[in-house]
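Q: If you scroll down you'll find the structure; I have some questions about it.
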Amino acid sequence: MKRWSIITGIVIIFCILTCKGQVENKKVDFRTEKGKFVPLNLVPGDVVEYSCPYSLNNDIRNMNGVEREHFDNKKFCFDYIFVGSKLTFLKEYVRGSYNVVHKEEGNLYTSQFSVPPVVLTHRNFDCFCYMEENNVVVKKVLRIHISNGVLRKIPGCDFNADYKESTAITTFSNMSPRRVKVCDVYPKSGDFISLMCPSDYSIKPDGCFSNVYVKRYPNEEVKEEDRFNLNRKWDASKYNVVSIETVLKMNMITQGDKYSIFSKLPDVKDQVDFTCICQSNDEQDNLMMNVYINNTSYLTNNTRSIGVNKHSFSNSEIFERIEREEISFAFSSYLSITLILLYLFFLNF
């Protein structure tokens, strides 16, 4: 009896120490789901896969004309989602969604996407599956809720000009690639940073932010007129590609794909500069993201900067809140462990 009590206590302690904040891969397959309505809660970083054996050529119940048109054009999840009754592009509604892929095998349609590590506001949307059940085509609903993780926009550059400003999660967003070629951000240690490119561009260098561009001549003076010129051109001859470990003396964990990339800056005390770009598929256009870590000189000396009033230079308040939560969790975890051990101790007497 005593031995089983000790084993039970160890299992509980293990769960307390390991079950917090785990990223999950979640699957919803309507071939095996019995109910017609499936709620699914996600958090930043989760990966979800959805499968539906579509039957669209039969008599379909509960489908209005608008839905029928979208489904005839195969505008399925997760490329497209329903927010209320409105068909919406996932990458616009959940900014920074990445690895959005789908495949078809016969009538089975399977799609997957990764929730970005930064979600500014709660997101709610539906996926509709029309499938045959008992010789009748019925409508089944996957209702997804994504919990938010931060309270303020993060330092970053989003060059998707056609997306709604209301769904933006970065300090610079909805910038037209035709008019704006450069975006400068000034994060601090601990901040998330992000670069998001249009669908006909891709992020360079490969593996950004693990690999970055740095100036070949870092002490070269930047001309005053260039500093505020948002149309200044990218000149690859002035940069080298290096590992971020070379720049920061430590690695950074990145998440994303060739269109959207995220990273959380480590604890860096020094002033550090680096660059990543969005390059058009024909390699004729480049959109620059310049990152200036722990650099406040531009703010104090150059308040004339275009867009500086829009730019929120740090989301440190967010991390102060998160750190307090983590400290609180750590304390409660140790308290729980202490109580369990005391319980086991007195149980043995």
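Glycine is treated like the rest: Cβ placed from N, Cα and C.
I grabbed these lines from Swiss-Prot:
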type	residues	note
SIGNAL	1-21	signal peptide
DOMAIN	22-149	domain '6-Cys 1'
DISULFID	C77-C127	disulfide bond
DOMAIN	153-301	domain '6-Cys 2'
DISULFID	C157-C183	disulfide bond
DISULFID	C197-C278	disulfide bond
DISULFID	C208-C276	disulfide bond
CARBOHYD	N294	N-linked glycosylation site
CARBOHYD	N295	N-linked glycosylation site
CARBOHYD	N301	N-linked glycosylation site
LIPID	N315	GPI-anchor amidated asparagine
Q: Which one is it: of the recorded positions C183, C197, C276, C278, N294, whose Cα lies the shortest distance from the Cα of C77 (disulfide bond)?
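A: Nearest in space to C77 (disulfide bond), counting only the recorded positions, is C197.
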Q: Compare the C-alpha of C183 (disulfide bond) with the C-alpha of each of the recorded positions C127, C208, C276, N294, N295, and give the closest one.
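A: Checking each of C127, C208, C276, N294, N295 against C183 (disulfide bond), the shortest Cα distance is to C276.
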Q: Far apart in sequence but close in space: which same-chain residues, 6 or more away, have a Cβ under 8 Å from C276 (disulfide bond)?
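A: Within the chain, C276 (disulfide bond) has Cβ neighbours under 8 Å at L195, I203, K204, P205, C208, F209, V212, Y213, I261, M289, V291.
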Q: Compare the Cα of N295 (N-linked glycosylation site) against each of the disulfide-bonded residues C127, C157, C197 and report the nearest.
A: C157
Q: What average pLDDT is reported by the model for the domain '6-Cys 1' (22-149)?
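A: Overall, the domain '6-Cys 1' (22-149) comes to a mean pLDDT of 89.
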Q: With every protein chain in view, how many other Cβ atoms are within 10 Å of the Cβ of C197 (disulfide bond)?
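A: C197 (disulfide bond): 26 neighbouring Cβ atoms within 10 Å.
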Q: Could you give the number of helix, strand and coil residues in the domain '6-Cys 1' (22-149) as assigned by DSSP?
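A: When I sort the residues of the domain '6-Cys 1' (22-149) into the three classes, I find 12 helix, 64 strand, 52 coil.
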Q: Tell me which residues of the chain lie with their Cβ under 8 angstroms from that of N294 (N-linked glycosylation site), as long as they are six or more apart in sequence?
A: K188, S189, V268, K269, D270, Q271, V272
Q: Taking only the Cα atoms, work out how far C127 (disulfide bond) lies from C278 (disulfide bond), in Å, as a whole number.
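A: So the Cα of C278 (disulfide bond) lies 31 Å away from that of C127 (disulfide bond).
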Q: Output, ordered by sequence, the same-chain residues six or more apart from C157 (disulfide bond) with a CB under 8 Å from its CB, or 'none'.
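A: Those within reach of C157 (disulfide bond), by Cβ under 8 Å and sequence separation of 6 or more, are T170, F172, M175, C183, V185, S194, L195, M196, L287, M289.
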Q: If you run through the domain '6-Cys 2' (153-301) with DSSP, how many residues end up as helix, strand and coil?
A: 20 helix, 56 strand, 73 coil
Q: For C208 (disulfide bond), just count the other CB atoms lying within 10 A of its CB, please.
A: 24
